[in-house]
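Record features, source TrEMBL:
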DOMAIN    1-91  domain 'Cytochrome oxidase subunit II transmembrane region profile'
DOMAIN    92-225  domain 'Cytochrome oxidase subunit II copper A binding'
TRANSMEM  27-46  transmembrane segment
TRANSMEM  66-85  transmembrane segment
Amino acid sequence: MPYPMQLGFQDATSPIMEELTYFHDHTLMIVFLISSLVLYVLMLMLTTKLTHTSTMDAQEIETIWTIMPAIILVLIALPSLRILYMMDEIFNPYLTVKAMGHQWYWSYEYTDYEDLSFDSYMVPTQDLNPGQLRLLEVDNRVVLPMELPIRMLISSEDVLHAWAVPSLGLKADAVPGRLNQSTLTSTRPGVYFGQCSEICGSNHSFMPIVLEMTTLKYFENWSHMMQT
């Protein structure tokens with residue numbers, strides 16, 4: 001969960017989110033160095049009257065300021081492509097869960113388990129128990145096993161939605177008539193919150209997502225209880 005006055009990302013819970021955080025820091029450092037250099041040059045131009053005609057017209061300088069941006073772009077593009085392929089590849093998922101967006105709630109189907117499907121509605125403020133979060137708690141959480149690859153199939157039955165859980169590095173559009181795919185793996189147990197990240201209508205902000213990552217034994221007991 002984010003906390004008040006937080007400036008950075010939420011704590012990473014999946015390997016993908018850890019890579020995204022490292023890539024953000026890598027790119028931010030490059031932007032910081034470029035900004036510092038530009039600011040330094042501007043300060044020199046404003047505080048000195050010296051001009052160097054041989055430097056301003058030199059072919060070597062033009063070559064440098066053409067090649068250097070290309071090198072910087074390569075340094076940003078290569079890690080970005082690596083993470084992009086990591087997010088897209090799914091090898092032997094242990095479990096497949098289908099998330100369908102509705103106005104304005106989510107429904108889930110565990111396609112690897114028979115007759116295991118349910119709807120997930122936001123808990124109204126007046127029905128919250130002590131310790132539950134307003135506008136984020138749901139009546140039926142999505143329980144998943146941790147440390148295992150899980151495939152999420154995401155679609156919608158009415159308008160555009162987006163299934164997003166920031167701490168897991170997940171955000172996939174839910175498009176009517178289209179089945180999008182994403183993968184998640186949690187490295188530790190916990191309860192992780194997300195929301196619809198697409199403006200889908202008047203109640204857009206009232207369709208939260210809650211993932212409960214647990215041990216495999218607890219997940220199996222929960223799935224048997226839900227089936228009965």
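Any Cβ shown, glycine's included, is placed from N, Cα and C.
Unlike curated entries, TrEMBL annotations are predicted automatically.
Averaged across the domain 'Cytochrome oxidase subunit II copper A binding' (92-225), the predicted model reaches a pLDDT of 91.
Broken down with DSSP, the domain 'Cytochrome oxidase subunit II copper A binding' (92-225) shows 19 helix, 61 strand, 54 coil. Across the domain 'Cytochrome oxidase subunit II transmembrane region profile' (1-91), DSSP assigns 67 helix, 0 strand, 24 coil.
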